[in-house]
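Quick look at what Swiss-Prot annotates:
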type     : residues                                                                                : note
ACT_SITE : LYS118                                                                                  : active site, N6-AMP-lysine intermediate
BINDING  : ASP37, ALA38, VAL39, TYR40, ASP41, SER86, MET87, GLU116, ARG139, GLU173, LYS288, LYS312 : NAD(+) binding site
BINDING  : CYS406, CYS409, CYS424, CYS429                                                          : Zn(2+) binding site
DOMAIN   : 590-668                                                                                 : domain 'BRCT'
Amino acid sequence: MAVLTHNEASQKVDELRKKLDKWADDYYAKDAPVVEDAVYDKTYQELVELEEQFPDLVTADSITQRVGGEIKSDLSKVEHPVPMLSMGDVFSKDELKEFDERITKLVGHSVAYNVELKIDGLSLSLEYTDGKLTRASTRGNGRVGEDVTANAKFIKDIPQTLPEPLTTEVRGECYMEKEAFATLNAERDEKGEQVFANPRNAAAGSLRQLDARITKKRNLSTFIYTWVNPPRNITSQHQAIDEMNRLGFHTNQSGRRFESMDEVFKFIDEYTAKRNDLSYGIDGIVLKVDDLSLQNELGNTVKVPRWEIAYKFPPEEQETVVRNIEWTVGRTGVVTPTAVMDPVKLAGTIVSRASLHNPDYLREKGVRIGDTVKLHKAGDIIPEISSVVLSKRPKDSKPYEIPNVCPSCGETLVHLQDEVALRCINPMCPAQIEEGIIHFASRGAMNIMGLGPRIVKQLIDKGFINDVADLYQLTPDQLGQLDHFKEKSITNLLSSIENSKQNSAELLLYGLGIDHVGAKAARLILEKYKNLEKVSQLTVPELTSIDTIGETIAESLTAYFNQPSAQKLLQELRDSGLNMEYLGTVEEEAPDNFFKEKTVVLTGKLSAFTRSEFTKKLQDLGAKVTGSVSKKTDYLIYGADAGSKKDKAEKLQVPMLTEQEAIAKIEK
């Protein structure tokens, strides 16, 4: 790492934290990772090294001082009396040796390890009172998780009653077997619903359901591997596993006790080779000091136990041949290249396609038709070309020529300013129309259940719809002509379409799929201007008067509504009975109070509530909670170990409240 000044390090730390917070939120709260594990781990390690080099930059809210992600769901919250910590990660055998040497130095002698498979699932705590299951919860941020007790009662291998009247807590992993995952995705695909990216996401989404009946259908499983307060006669990790197994918990029997690192490495090699043959997913191997008294002696850091470490498998690579490069058109006109390859088994699934993202990426990789390429799965999820094997390139190979016409409508493709993507700007492009209707019906927009990609394609192919307004003119007779569409499906879809007419107008605005206008921007615009027809007449200055709405969003929105076709579509939707009004939020209905219409920033370690809970309380009072201090900030609320935000507030003379002072004003 290059030598940085203190100011440069401070800026870099802020940049890394923002990235990691976003990625952690996608992973933990949304069950939708957007970067591969290796990218996340490298970025996280860079932050750790900077904080070690500049200790004064460490803050209580840094991701290096937290476990997991903030809790963002409607499930009840559960506080963990004993925090559910995450594990430290290593990525090589040399790092494992260093871990062993560190343990040996700390305890003064060599130790035995219980070596276990690292299950790719969601952490789960099970609490029993007098032998009966009383609570199940997720890890959440390590201190506060989510109550999933009702759902746990429908997981077949979780004992509801123990053979002995124990009051205890055990922990493990909730996962979905590969076969159950394949069945679930096949069912969702058949219904036109979005499929899950991987078994871990499927398990997390299934366990965290508000409706336990859905969990029951998802066929989840568990492996239990930790006993929080084991009986005194249990003195080792391997003994704890055996005893938990005797009590009826589902434990993984592949783990072994080793006294040398050579044995550990052989175990790693064994499961690296056969991981894809297992019925469940694993993403590494876990080493745990076997002696429980030594575990207690070694203790924990603020985030991870010192007595255990996770070895992460390197990405598996395979070679295959590129046979074609296909281009597909998205709803905003972006045209994306995809490599079509000879099918190859990779990380347990057959892969024959990999995205090449954009023309610059394609040129950078230098991929040509006929090339042999090395392929891996980013984060064990997304197929990605690592490199071209130049030694195997055919002698008659020619550089690939980027197309200049749209593969759907034949119009000339363009590069817009400051964009790497190619675009089709023909508003009547069939592919864009299809993708636009799919987006309109999606859960984040109009939420028309049962209107997935397959159904949309059939409706377009049969000439029943040409734009989103046509959805509201569909008849039972038309839907009856679709493949595998029976009476119940017809009734449900028409009912969902009818119900969508009552949605708040920001969902309709987002559903229109205007470039750069995401769900948050749509909500902010409608919060201020209330009516979608009024929004369609706004100018760029009127739109940019809204905090966080910049010129890019404003210009895109005004350009869209300046098109006669857009005004015609809006009129057709209004005539079909769609609501054009913003229906409001809790914040608008808040009575007069100290924080109403104030801009507030939280910083430091809060004790009475989690940060997300405190934020929600303030928002319910009509406050706007932001992440950074500026001249527009009305109040900074700070807890223990407040850092740079408090310093900045002092410089800007922003009024400050302690956590307790703020709570007192909330409770007035």
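Cβ atoms here come from the backbone N, Cα and C positions, even for glycine.
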Tally of residues which DSSP labels helix, strand or coil - the domain 'BRCT' (590-668): 27 helix, 17 strand, 35 coil
Residue from VAL39, ASP41, MET87, LYS118, ARG139 whose C-alpha is spatially nearest that of CYS429 (Zn(2+) binding site), among the recorded positions: VAL39
Helix, strand or coil at VAL39 (NAD(+) binding site) [DSSP, three-state]: helix
Candidates LYS118, CYS406, CYS409, CYS424 (recorded positions) - the one closest to LYS288 (NAD(+) binding site) by CA: LYS118
Number of Cβ atoms other than its own within 10 Å, given for LYS288 (NAD(+) binding site): 24
Of VAL39, MET87, CYS424, CYS429 (the binding-site residues), the residue whose Cβ has the fewest other Cβ atoms within 10 Å: VAL39
C-alpha spacing of MET87 (NAD(+) binding site) relative to CYS406 (Zn(2+) binding site), in angstrom: 48
Residues satisfying Cβ distance under 8 Å from LYS118 (active site, N6-AMP-lysine intermediate), sequence separation of at least 6: ILE282, ASP283, GLY284, ILE285, VAL286, ALA310, TYR311, LYS312
Near-site residues: Zn(2+), ref CYS406, CYS409, CYS424, CYS429, CB cutoff 8 A to centroid: VAL329, GLY333, PRO407, SER408, GLY410, GLU411, LEU413, ASN426, PRO430, ALA431, GLN432
Whole-number Å value for how far ARG139 (NAD(+) binding site) lies from CYS424 (Zn(2+) binding site) (Cα to Cα): 45
